[in-house]
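Notes to accompany the following structure.
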Amino acid sequence: MEERNKTLGEFIIENQKAFQYSSGELSRIINSIRLAAKVVNHKVNQAGLVDIIGAAGEQNIQGEDQQKLDVYANEVFIQTLINREIVCGIASEENDDFITVKGSDNCHNNKYVILMDPLDGSSNIDVNVSVGSIFSVFRRVTPIGTPVTSEDFLQPGINQVAAGYVIYGTSTMLVYTTGYGVNGFTLNPAIGTFYLSHPNMKFPENGNIYSVNEGNYVHFPQGVKNYIKYCQREEEDRPYTSRYIGSLVADFHRNMIKGGIYIYPTSSKAPKGKLRLLYECNPMAFLAEQAGGKATDGFGRIMEIQPTELHQRVPFFCGSKSMVEKAEEFMAEAN
Ligand code: AHM
Ligand code: MG
């Protein structure tokens with residue numbers, strides 16, 4: 001008989017050794033994300049429905065004011081993490097500053113901080129396109145028992161102990177790494193359980209998909225323009241296919257499965273790029289490298305950048321290793 005798929009809960013227990021400095025805390029963080037993901041998933045799936053019921057004026061489905069989904073997702077993730085007392089600090093795209101979590105003993109005794117984008121690509125919600133949640137976990141660097149400081153959050157990506165995303169797509173998946181490869185779990189919505197569906201995910205070494213917002217072409221640096229022309233040139237394995245959802249998690253997920261490159265470069269409109277280093281690019285870079293891919297800012301490794309600000313932006317080139325390296329060649333040449 002074929003072995004049935006493991007649940008995420010079973011996988012976490014069996015792979016306890018994959019959690020660095022294991023004391024069960026990191027497992028509990030992943031468990032909290034699993035729970036928050038299910039709650040957000042439920043709400044995302046109702047996005048259109050709430051409007052319909054609301055418009056009919058019959059009832060408010062939740063008995064509460066309708067909130068913007070990114071604000072709702074932010075509250076769900078933060079409350080889930082705070083209630084379970086497993087992190088000492090939280091930084092979110094939705095909050096200007098980081099949140100200090102004392103714990104019920106008021107002692108700041110937890111050792112991890114989490115940085116997250118609770119609902120990335122949320123402008124896609126209204127048009128029924130996939131969105132995602134992204135998270136990145138670090139051990140704090142300040143002493144346990146003291147309040148967290150910005151130092152705990154402004155760590156280079158190489159210090160990450162876990163990272164992952166939830167994609168709310170045609171199915172909902174939780175994909176994460178603790179530094180021992182990347183595993184993907186698909187939610188069975190009928191029973192609310194995540195099953196291991198994509199063990200040991202790997203970027204193909206090469207690919208034929210390029211994902212970039214070409215509407216901004218005229219504003220791009222010359223190296224990116226040249227690389228795009230390279231992708232479009234008629235050769236044995238080219239032109240490549242262009243696929244851009246405008247939802248980082250969904251573009252990354254497709255490229256990891258099929259082979260491709262995602263680029264959000266600097267432009268004259270966005271001189272530092274658009275995406276945020278700490279809770280968008282670092283976690284995706286950790287996943288990419290763990291899956292055999294590559295993530296750079298066009299010149300150097302994303303995970304080696306020393307952050308200086310919580311909401312710092314950075315140009316992002318991420319995907320199949322050979323493709324990212326080719327794009328880097330064009331960047332270096334044009335520099
Ligand atoms: P957001 O955090 O405001 O949702 O912005 C991030 C999103 C990414 O998911 C996506 O890849 C990118 O912005 C798309 O930007 P653009 O519309 O400029 O192409
Ligand atoms: Mg975002």
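Just so you know, glycine gets a Cβ as well, placed from its N, Cα and C.
Among Tyr195, Tyr240, Tyr244, only Tyr244 appears in TrEMBL as part of the substrate site alongside Asp120, Gly121, Ser122, Ser123, Asn213, Lys274. Among the candidates Glu93, Glu151, the residue that TrEMBL names alongside Asp117, Leu119 for the Mg(2+) 1 site is Glu93. Mg(2+) 2 binds Asp117, Asp120 as TrEMBL records it, and from the list Glu235, Glu236, Glu280 the residue named for this site is Glu280. When the C-alpha distances from Asp117 (Mg(2+) 1 binding site) to the binding-site residues Ser123, Asn213, Tyr244, Glu280 are tabulated, the minimum falls on Glu280. Rounded to the nearest whole angstrom, the C-alpha distance between Glu280 (Mg(2+) 2 binding site) and Tyr244 (substrate binding site) is 17. Considering only the binding-site residues Ser122, Ser123, the Cβ with the fewest other Cβ atoms within 10 Å is that of Ser123. Sequence-distant neighbours of Lys274 (substrate binding site) (same chain, six or more apart, CB under 8 Å from its CB) are Tyr264, Arg313, listed in sequence order. Using a 10 Å Cα-Cα cut-off around Asp120 (Mg(2+) 2 binding site), the binding-site residues Glu93, Asn213, Tyr244 reduce to Glu93. Checking the binding-site residues Leu119, Gly121, Tyr244 against ligand 1 with a 6 Å cutoff on the Cβ atom leaves Gly121, in sequence order.
If you compare Cα positions, Glu93 (Mg(2+) 1 binding site) sits closest to Gly121 out of the binding-site residues Gly121, Asn213, Tyr244.
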